[in-house]
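Everything on this sheet refers to the single structure shown next.
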Amino acid sequence: MVKYKVIVSNSNLAQAATTNNVFIKLVGTEGESKRTWLTSVKGSATFYLGAESKFSVCCPTSLGKLVLIELDKKPLLLFPEDNWFPNTIKVKSPEGDIYTFPIYRWIAGCEVHLFREGTALRIIDDNHHLGKYSREKELKLRGELYRWDVYKEGLPHCMKADNASSLPCEVVFSFTKTKEFALTAAAGLAELQLKGLSSCEQKWSDINAIKKVFCNKKTDISEYVQQHWKDDAFFGYQYLNGVNPSLIRRCSALPENFTVTDEMVFLRGGGCLSGEIQKGNIYLCDYKQLDGVKPNTINGKKQYLMAPLVLLHKTPDDKLMPIAIQLKQTPGEDNPIFFPTDSEYDWLMAKIFVRSADFSEHQLNAHLLRTHLLAEVFAVSLLRNVPMVHPLYKLLIPHTRYTLQINFLARLALISETGVFTKFAASGGEGMITILKRSLSSMTYSSLCLPDDIAERGMISVPNYHYRDDGLKLWDIIHKFVKGVLCHYYKTDAEVHQDSELQKWIQDIFEHGFLSQSSTGIPQSFSSVDELIKFVAMVIFTCSGQHSAVNSGQYDYGGWMPNTPITLQRAPPTTKGTTSEDTMLQTLPDVNVTVQGMSTLWLLSKQSSDFVALGQFAEDHFCEEIPSKLIKDFQGQLEILSTVIKTRNKSLEVPYTYMDPALLENSVAI
C-alpha cells in the first residue's frame, strides 16, 4: 500500500468555503485511485476560507505520473448544497514528486469535475490518452456553457445568457464585487446628492445652478475641467490626454468638404495654413461616423447630434489650439465654419457641439466597441476553445475577470430599450446601433495595436501626448512579457501552425468578433510565433491599458456637464452672431438628463475594492520556473513604469494617470 499526500488550498473569497463532503480521485499513467472522501480529524469543516487542509489517499500500488484529478462533492444531511472555490490542490507522490493542480473555479452541484496537472501543455505535446480525454471533455462542457449569441445584427457577438444567474459560476462577480456594485449603482444619485433632481425635466436657469450640483462631488481633475472648459488650449489638450485620445490625426491635406483657406485662420506664431500643414503642425478630428445618425428624443423633445470637423494647430509653444470648426459634413450656407475670432458664444457653442459629438464617438466606438465588446469576444473564444492546461489560457485568463458579467449588465442597464444611455444620450436607441455598425466595419487590426495606430495617425512626434508616451512603454512591457512566455512553449512557427486550439481561438474571434470581415486585417489563423505574440499582446493591452485610458477618466472629464454634454436639445446656429449665454442654456441637456449622466459616469469611473492591477495575479496558473520568473520580471518593469509616470505627473498641471500600471485594472471589469 502506498500513500499520496493531498494539500487543498482554499480561497479567501467571500462565501468560498463549503460544508459539503468533498471527494477526490487521482488518475495517473499507471492507474487510478478509488474515489476518496477527503476527511481528517477535523472533518470536512476544514474547507474554510483561506485554510490549507491536508489529507491522505491510499492506493495498492503507485499510479505512475499523475495526469489529472477528479473532484466532486455532496451535501451533508440537513445541510444545503453550496458552492466551493478552492485555489489549488497539490499532491505529493510516494516517489517524492509534487504535482500542482490549479483549480480557481467555483465547484457547484454534485457533478464530477476534471482538472489537469498544472504544467502548461500544448495539444501537440499531449499524446497521453487520459490527457486527451480530459481536454476533450473539458472543451465539450465549456462549449455548452459558453455559447455565442447575437445581440444585434452587425455587431460583435456576445455570450448567450438569459439572466445574470445563468452565467457560469467561474466568471461572475465575487460576493464583494456584487455587493459593492449593487450599492454603488443604487446609491449613485444619492451619493452625488442629486436624487431630488432626477425627475426634473426643466432647462438649467443659469450656469451657477449647474455649478452648485457639480460641487456635490468633485475630483481634482473634474474641478480643473470646470475652471478651464472654455479655454481653447484645454479643448485641444483633451484630444491628446482626455478619454478619447485615439481620434486625432495629423492633417496632410484638408478634406474636400472642409474648405478652410489661409485667409480664414489666424495662426499663433505667424505662418500660413498650407505652410503649417507641410510642416506637420496641423491636426484633424473628423466625426464622419456620426453623419446622418438619427438623434434621440428625450423628455418628448428632439435632440441634436452633429458630425463635426475640427482643425487644430500645434503652436510654437507646443500647445494644440483649435483654429476652425465645421459642425456638419456637407458644406453650405447654413453650415458656417467657426473660428476663434468669432463672437464668444458663437465659438463656445461650436466647441460644445463638438464635445457632445465626442461623447457619442467615445462611448460607442472607443469605449464600448473597442474595449468591452472585443474583450468579451476574446474571453468567450478562450473559454470555448482553450483548455485550462494550455499556456494561452494561463496567460489570458486573468484578463477576462468579470468581463462577461459587466457586459451583461451593460446590455441590461445601459444600452437596452430602458437603459440609461438609450434614454438620455443623443445617440441612444437607433442611432447607437448605426454608429456601432459603422465603427465595426471601419475598424482595422492596426488601429488596435498602439505602435501601428500612433504611426498611422502621424502622432509620433506631437508634444505632451502622455497617452502615447505611457501607452507605448506599457505596450513594450506587455509585448516583452508575452514574447518570453510564448517563446518558452513555441520554439518554431510550425508548432504554432499545428496547434489546433490556438487556431480555433483566432478563427472564433475572426468570425464572431469581426464578423468574418477580411478588410479588418484581423488574422484568420496564426502561421508564426511573431504573429501570435503581437495578437496576444494586443489582447492584453486592450483589456487593461486601453480600457483604462478610455474609461477611468469619464467622471474627471464628463462630471462637469458643459464640457461633455451627453445630448443637446437645440439645433446649432446656422448664422453667426445669433448666440448668447441664454442660447447655450437652452441648448444644454435638461436637469434630469444632466444628473442621470453624472451619476452613470460616476459609477463607471468607480474602482472596486477587489480591483486587481495589471501584472498582479490573484490566481497562480503558471507553476513552472521560467514563466514564474517572467511574471516577476513583468511586475518589476511595471513598477518602474509606474514610478516614471508618478514622477512625471508631479510637474504637470493636469496629471495623466490612466496608463499608470498601479492604477489600471487587469481586465475590463467596470
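From the backbone N, Cα and C atoms, a Cβ is placed for every residue, glycine too.
So that you can see what the record holds, here are the features copied from TrEMBL:
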{"type": "DOMAIN", "residues": "2-121", "note": "domain 'PLAT'"}
{"type": "BINDING", "residues": "Asp82", "note": "Ca(2+) binding site"}
{"type": "SITE", "residues": "Trp106", "note": "site 'Essential for stabilizing binding to COTL1'"}
{"type": "DOMAIN", "residues": "120-670", "note": "domain 'Lipoxygenase'"}
{"type": "BINDING", "residues": "His367, His372, His547, Ile670", "note": "Fe cation binding site"}
Can you figure out which of Asp82, His372, His547 (the binding-site residues) comes closest in space to Trp106 (site 'Essential for stabilizing binding to COTL1'), comparing Cα atoms?
Asp82
The domain 'PLAT' (2-121): mean pLDDT?
87
Packing count at Asp82 (Ca(2+) binding site) (other Cβ atoms within 10 Å of its Cβ):
15
Residues flanking the Fe cation site, with Cβ no more than 8 Å from the Cβ centroid of His367, His372, His547, Ile670 and excluding those residues themselves:
Leu368, Thr371, Ala375, Ile406, Val550, Asn551, Leu604, Val668
Cβ atoms near Ile670 (Fe cation binding site) (within 10 Å, other residues, all chains):
21
Tell me the residue counts in helix, strand and coil for the domain 'PLAT' (2-121), as DSSP assigns them.
4 helix, 56 strand, 60 coil
Cβ-Cβ distance under 8 Å to His547 (Fe cation binding site), same chain, at least six residues away:
Thr371, His372, Ala375, Leu664, Glu665, Val668
Can you count the other CB atoms that lie within 10 A of the CB of Trp106 (site 'Essential for stabilizing binding to COTL1')?
19
Rounded to a whole angstrom, what is the C-alpha distance between His367 (Fe cation binding site) and Asp82 (Ca(2+) binding site)?
37
